[in-house]
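In Swiss-Prot this protein carries:
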- Lys26, 73-74, 100-101, Lys104, His106, 127-135: 5-phospho-alpha-D-ribose 1-diphosphate binding site (BINDING)
- Thr131, Arg160: orotate binding site (BINDING)
Amino acid sequence: MEAYKKEFIEFMIECGVLTFGDFVTKSGRNTPFFVNTGNYKTGSQLKRLGEYYAEAIKANYKDDYNIVFGPAYKGIPLSVTVTMALSDKYGIDVSYCSNRKEIKDHGDTGILLGSKLNDGDKVLIVEDVTTSGKSIYETMPIIKEQGNVDVVGLVISVNRMEKGQGEKSALVELEEKYGFKSCAIVTMTEVVKYLYNKEVNGKVIINDEVKTRIDEYYKEYGAK
């Protein structure tokens, strides 16, 4: 496993973003782990988050994009920090774009924030976590309405590797529907493998009991 992936897993633990216990997802599933990206709160945390995304983007995509798009709301600061990291780390100077949930009736009344989308633009979407793919299904029509725009990929922080609308993962379903390449900084398989019986800040995060619960969860909800 690449060093940046290991660092990112520990970073999520330190920020309280990745936790293990008893949770219920938006889709009603009882899950033994939870990813709450709202716990990235400080400037230094957001800076590091953007750098991890930038590393994943550099590892999985060529420089064949000129817009980084973050779906509202969590994707707004994410798209900003990712574009800054791409510039700082790799000298890749691209624009950010996000959408509004509500259209303003004064001032700038457009639905987009940041760069406008024009014919010929190549868009890379950044999202926090995609379980069902709902936000992307809502975002794609907004992007396509702006003109002849090509969405070249989707990058998320953690691939939960769960069933989407069918037996396949939400990411695979999105790839098949829209024809773009998706990737994650880490997958839950990588997370579990790295954290199993490993101490982080003096505490074992995934012991035998937690590992058993995760395995049982994926027997029921894991993507085929």
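Even glycines carry a Cβ here, placed using N, Cα and C.
Structure with Swiss-Prot features highlighted.
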residue : record                                              : contacts (Cβ under 8 Å, 6+ apart)
Lys26   : 5-phospho-alpha-D-ribose 1-diphosphate binding site : Thr131, Ser132
Lys74   : 5-phospho-alpha-D-ribose 1-diphosphate binding site : Thr37, Gly38, Glu127, Asp128
Lys101  : 5-phospho-alpha-D-ribose 1-diphosphate binding site : Ala72, Tyr73
Thr130  : 5-phospho-alpha-D-ribose 1-diphosphate binding site : Ile136, Leu154, Ile156, Asn159, Arg160, Ala170, Leu171, Leu174
Lys134  : 5-phospho-alpha-D-ribose 1-diphosphate binding site : none
Fewest other Cβ within 10 angstroms of its own Cβ, chosen from the binding-site residues Thr131, Ser132:
Ser132
C-beta crowding around Asp128 (5-phospho-alpha-D-ribose 1-diphosphate binding site), within 10 angstroms
20
